[in-house]
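I have a structure I would like to understand better, so I am pasting it below and will then ask my questions one at a time.
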Amino acid sequence: MLLKLILAQGMLGLNNGVFYAMLSLGLAIIFGLLNVVNFAHGALYMAGAFVALILYSYVGAWIGLEQLHINFWVALVLAPVIVGCFGMLIERLLLRHLYKFDPIYSLLLTFGVTLVLQGLFINTFGASGTPYPGQPEQLRGVVNLGFMMFPKYRLFAIVFSVLVCLAVWFVIERTRIGAMLRAGTENPELVKAFGINVPLMVTLTFGFGTGLAGLAGVLAAPIYSVSPLMGADLIIIIFAVVVIGGMGSIMGAVVAGFGLGLIEGITKVFYAPAANTVIFFLMVVVLLVRPAGLFGRQS
Amino acid sequence: DGISDDVVKIGVLGDMSGVYSTGFSGDGAVAAVKMAVEDFGGEVLGKKIEVISADHQNKADVASATARQWIDEDHVDMITDLTNSAVALAVQQLASDKGVITMSTGAASADLTGKACTKYGIHYGYDTHALPVGTATAVVKNGGDSWYFITADYAFGHALQDNTSAVVKELGGSVVGSSDVPLASTDFSSYLLQAQSSGAKVIGLANAGQDTVNAIKQAHEFGIVEGGQQLAGMLVLISDVKSLGTDVAKGLNFTVGWYWDLDDESRAWKEKYMKYSNGAAPTFVHAADYSLTLAYLNAIKAAGTDDSDAVRAELSKQKIDDFFAKGGMIRKDGLLEHDMYLVQVQEGAEDPWNVAKVVRTIPGNEAYASLKDGGCAMAQE
Amino acid sequence: MSDFILEARQLGKSFGGFRAVNNVNLNVERGTIHALIGPNGAGKTTVFNLLTKFLTPSSGQILFNGEDITDLNPVEIANRGVVRSFQISAVFPHLTALENVRLALQKRLGVSYHFWRSKSLLSELDDEAIERLDQVGLKRFAHLRAVELPYGRKRALEIATTLGLEPELMLLDEPTQGMGTEDVGQVAELIRNVSVGRTIVMVEHNLGVVADLADTITVLNRGEILAEGPYDVVSKDPAVMEAYMGIKADEVEA
Amino acid sequence: MSEQTAGIGNASEFEDSGPAESAPGNRIVQGVLWGLLILSILVAPAFLYPVFVMQLLCFALFACAFNLLIGFTGLLSFGHAAFFGGAAYFAGHAIKVWGLPPLFGIITGALGAAVLGYLVGALAIRRQGIYFAMITLALAQIVYFFALQLPFTGGENGLQGIPRGTLFGLVSLNDPIVMYYFVAAIFMIGFLIIYRTIHSPFGQVLQAIRENEARALSLGYNVDRFKLIAFVLSASLAGLAGATKAVVFQFASLTDAHWQTSGEVILMTLLGGMGTIFGPIIGAVTIVTLQHELASIGSWVQVVIGGIFIVSVLLFRRGIIGELARVLKVSGV
Amino acid sequence: MSMAVIDKPLLKIADLHAWYGESHVLHGIDLELGEGQLITLLGRNGAGRTTTLRAIMGMVDRRTGSIALRGEEFIGKPAHRIAPSGRIGYCPEERGIFSSLTVEENLLLPPVVGEGGMSLDDIYTMFPNLREVRKRMGTRLSGGEQQMLAIARILRTGARLLLLDEITEGLAPVIVKALGEAIRRLKAQGYTIILVEQNFRFAAGVADRHYVIEHGRVIDRIDDADVGTSMDKLNHYLSV
Ligand SMILES: Nc1ncnc2c1ncn2[C@@H]1O[C@H](COP(=O)(O)OP(=O)(O)OP(=O)(O)O)[C@@H](O)[C@H]1O
Ligand SMILES: Nc1ncnc2c1ncn2[C@@H]1O[C@H](COP(=O)(O)OP(=O)(O)OP(=O)(O)O)[C@@H](O)[C@H]1O
Ligand SMILES: CC(C)C[C@H](N)C(=O)O
Ligand SMILES: [Mg+2]
Ligand SMILES: [Mg+2]
């Protein structure tokens, strides 16, 4: 019985890990390559979920086709693109002006963006959240895992996000793009002088990182209800995940994301009230013994 | 004597945007109060009646700061709604210290007129004692005699869990465990699993609003109901049933303080209310909001003043006899004792809002704790 | 009795598998100017960092005035009187020259943790601070903020500040780097002046300066000591000539 | 990935920081500001709702305490709400349950915040810059969860009904005017402590550390200890503010410990002027007044506050007082 | 001074002005050099030599005048187009080694701008030190190693015009000498080079001409052959 419960809570933990991993991955890309701590990452995740909701429930009505519900699969493609474009807009219009200052200003700026986004969505959709009705038919129902009934959709979310994380890791760590991006963070002027279009690269990277947040949002929509505050507390957890994984480390973000989800889930079996804090305690421990994080480059 | 500041100000302090903003509080509650003021004629003793409202965001500190300023600066005479027990407990205490009447509706904790009762605090509509009397009794009698609670982690949830446990145990059932869940959670799966592995026959939901809806949905998603466990929502509104869909909510029993399909008077009121609220049918909380506003204004009229002591005394003198409550009375401890109704979800009715049918009327004195057992020290002498 | 103010015994430092400093034995005689030279990457800065504990040695021992200071932290070492300068100039840019120097002097009042007292009590140090500035020719810049000083003068300010600690031993890392010829002369002069009554260890690529100032020269190469002695001896050492000056370079792969 | 970012708001960015602090022009401007401050504190309750002014004072003190860290030590703590809110709980518990008189309750709160500050600070100063910010944020979140879950805090309900009691057993603090001057006195004491700290030998070393940490170290200053002391001081004063607020509102709540409050105090300081003496007060007054005046527009407040944040970061990194000082060519204000 | 005009200059700079923000640093630089030539820019600290190179690379806030390379005007070009279309390699004064990249990543970073660049092996042969440290992070290198890396990095790209800023700064004599050799060899291989130096002796013998810059203007131009006879003048320009 206990083993069953541990496995079951572990699965749920892994399920949360999907979002930890995908969000911290985007955050790590943006931080590692642009040196910006994007506080708005949680809000963009929320925006991704809302894009899915809007596509399904509102767009049809807007264009006079009440029966039109743009489905989940389309949202899975469109939402990251839309959120990513929005991210690029933020980068172009706002962040860009802060690169020459202490990175803390970028953190503060994105904090402001978070407040604005949250406020706008609360005003438009209310604070309480709306369920996403567009869960795809193919993924309804449960799978019997032996130790539990697990919704098909959640299983899909886990597999899908693992694949996405691996693909992203490959591109960044195994291609020259990664090195170019890192260099661009450090000394954009010189990299430009070498003949690389740094501003474009930075914008695209930011768009990519935020697009990942949007993607995570779409994945989340059918699981949680879509709410303006869904990213608010999550972002703090994500920060801890990133610190534990090692800031800027792609592998660290992914492994720590899934791993911490798992640990959090299992904690619930033994002492549920500690589940909220276990990640932060682990963070303290990691800081004490390995200040650069599990996968970070030790300085 | 007379009306202080030449105006009677009623403050609606509610959850205007959060998890309780539909069904319990929000625009629907403000509409009910305004409708009552209009029906009353907009004036009392020749002075204007004014309604102001604010969002407490389910935060007791925000609520008490707002209430403090309402009382100190805006000279509000009565504060109502107070959906969210934590909010209500804080504001009721503060207001009573400052000699202002509060009439809580959305808030549920029986402590409001129990151990936390105050001189000017009134609780109107239902409470956590009254809810399980109908629902839990029905469930236990049907064989659901071991319970696991999923509880909203604040004043209300704990009060509801305690009151329900008491009923369950009294009937010979047992409580095997519970999980405390923060207000406004969207993922109940891990708590549901915990409940499932506890082996309890019944998963009692000591929460409300969106929380209840989410918990019920996810229980279905994880095949928990199919696995043989029964869900018991301790506080369910017809708006929740509507958003769940009657197919998902099928078979659910729950307790309400009023149902619009009780009689002609109620049906008529519902029709009128729906015009005020953009077509949403009233929940019993909205009906209570309307009813208490009239009761308060009548008391001022009868007392000839808006002085809190006089009005409070007058409120206990009247019987509440309207579409909402028949022969209800506001007791010394501030509780409105009135009949409650056990209803059951029904499918396929013509009116989309006709989601339930009344299966039992629970007399007020059975539903609510007696003055003596209520635990209000002030009311004991 | 040897009068070595500083002794490093078998000092070693590895980064990962790479041995940047290997078995270095350094004996610095009291009251002398001791120069550390060597090709780039030889480990000179690393040795400095080890001596001042900005890096932790992988092996070996450091003695100061005969006492083992290997386990002290940078602050304790500084407080014993071993003070360093940096390869790039190190001043507090938005403090005035006077305040820069006063920060060094302030330590001896023992009030640095006193957040409840007024800093006007520091003005008793002003006279001495001015005197120190005068020593390095900065008296008239006393009330200018350090950012506004030209590079060479920043270097001088740094030295004046260091002197404020009255160090027994000063470690200077490339004090003339990046200076125009006129500044180089000035700083060299300055170092000679302040060396009176104390010991100086310096890293320097400008052989002119080294020849001019140093009593003893240690040549490092690939983390190890290649040669040691006065300029005339060291500069004629064939190994040094090859490794450092590049004489015979034709035979060495460039 | 360099960690050596110099502290925020210093060095390279603002090259021209006016003449020496004691120049005659400065003296006048400083005097005017001091005069305005004292005068407005004295007469405010005659014109404004006293509870509101007390709230202003509490947040102003909070912002000044925060500024001690960011403006004068170069450390961005993103977790200061933990001390503000934590102290509120300590004070509330001490007064309500232990029955301490309000003044001692508030002191207990500040001491509690000092202990929290020590624990958080000791961990966080192991890293620098953006890391420091994120670590304080996460540690504050632990404090938040404790506030949520420990039995004595009242969880989501908060700690309600903290009695205001009497001062020295003599005057009742339930009288709004007495309460007001009590709060005003606490504010002034806190503010003077901060002012003195900045202008102390200790403050001088803090500034040196902010400008060039390695050099301060090489001069034999135990940099970590200085930072830690500054952190604890700042946390205690933030706690003083939080504890006082708890007594004013008779309430200790999760909001005060939430990260959003940490964000707000940053905004107040940034808006008023980091590293200025009076800036945080102006910033706090602006933000709290805005929140208060705009309360009726609901969540749009968040949008407005967020917008101010963005604009300040982009265009007014010096803040109101900082810009003023630049225009008037003065410093030390 | 001799005013020999080059028939077909590879690079011709005329009346170049440059600004950092408000501050006007270059006040009309004129210089030219032919394919395969090597010139040096001499001058005191702050004269504007570095700025001249940065202005060519588009790394100043504003520039006016003319920079014609192989007949094409470069003033209006965005910074990231300059190196590829001009086949230029730039080695900055502060070296610009990337700390978050390994030595090898640093080496491979600048995109190839043309054919004929050196291979990694050639580079390691030229700078054996670098081979040893190639897996190390960029700024873990000693000052001198960083300098070598900075030069090596642009030799890979196939650039034909090299702008080298104070490459002997902070280097041991042995390396300075080796670099001198390297420069000579590069010139022999047909590279065109602009060298900014404090130390004109370093380049004497290899250079075709020396330009003396002061206050953002070319104040003199000395053919290498005349260095011997212009010693006094040079010393006067470069010291107090
Ligand atoms: N933190 C580090 N990690 C790895 N290697 C390092 C580190 N610091 C220095 N090194 C290596 O140690 C060697 C010695 O470096 P050091 O800076 O001491 O040289 P140096 O003699 O001061 O040279 P220069 O004259 O060029 O400044 C170099 O090869 C350098 O790459
Ligand atoms: N980023 C900048 N902003 C403003 N002014 C600058 C900047 N960089 C250089 N300057 C100024 O431009 C002038 C020319 O500087 P430049 O670096 O070109 O000189 P240089 O001849 O290369 O001397 P050095 O020997 O110092 O390298 C100097 O007065 C310098 O102060
Ligand atoms: C809307 C409600 C369920 C609120 C709840 N009754 C409470 O007391 O908190
Ligand atoms: Mg060195
Ligand atoms: Mg230069």
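Keep in mind that glycine also has a Cβ here, set from the backbone N, Cα and C atoms.
Taken from TrEMBL, the feature transmembrane segment covers A:17-37, A:44-64, A:70-90, A:102-122, A:153-172, A:193-223, A:235-262, A:269-289.
Just tell me what is around each of these and how deep it sits.
Under 8 Å from some Cβ of the transmembrane segment (A:17-37) lie the Cβ atoms of residues 45, 95, 99, 103, 106-107, 110, 157-158, 161, 164-165, 168, 172, 178, 181-182, 184-185, 202, 205-206, 208-213, 215-216, 219-220, 234-235, 237-239, 241-242, 245, 247-250, 252-254, 256-262, all in the same chain and six or more residues away from its ends.
Sequence-remote contacts of a segment are chain residues at least 6 beyond its ends whose Cβ falls under 8 Å from one of its Cβ atoms, and for the transmembrane segment (A:44-64) they are 19, 23, 38, 70-72, 74-76, 78-80, 82-83, 86-87, 117-118, 121, 125, 130, 132-134, 210, 213-218, 220-221, 224, 226-232, 234.
Within the chain carrying the transmembrane segment (A:70-90), a Cβ under 8 angstroms from the stretch's Cβ atoms is held by residues 40, 44, 47-48, 51-52, 55-56, 59-60, 110, 113, 134-136, 203-204, 206-215, 217-219, 221-222, all 6 or more beyond its ends.
Remote same-chain partners of the transmembrane segment (A:102-122), defined as residues 6 or more beyond its termini with a Cβ less than 8 Å from a stretch Cβ, comprise 35-44, 46-47, 50, 90, 94-95, 228-229, 232, 235.
Remote same-chain residues near the transmembrane segment (A:153-172) are listed as 11, 14-15, 18, 21-22, 25, 29, 33, 135-136, 139-140, 143, 178, 181, 212, 215-216, 219, 222-223, 250-251, 254, 257-258 (criterion: CB distance under 8 Å, separation of at least six residues from the stretch ends).
Beyond its flanks by at least six residues, the transmembrane segment (A:235-262) meets 10, 13-25, 27-29, 31-33, 37, 39, 41-43, 114, 162, 165, 168-169, 172-173, 279-280, 282-283, 286-287, 292-297 of its own chain at Cβ-Cβ distances under 8 Å.
Counting only same-chain residues 6+ beyond the ends of the transmembrane segment (A:269-289), those with a CB under 8 A from a CB of the stretch are 2, 5-6, 9, 237, 240-241, 243-244, 260, 263.
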Cβ under 8 Å to the transmembrane segment (A:193-223), counting only same-chain residues 6 or more beyond its ends: which ones?
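Non-local partners: 15, 18-19, 22-23, 25-27, 29-30, 33-34, 36, 38, 40-42, 44-53, 72, 75-76, 79-88, 90-92, 95-96, 132, 134-136, 139, 153-154, 157, 160-161, 164, 168, 180-181, 184, 230-231.
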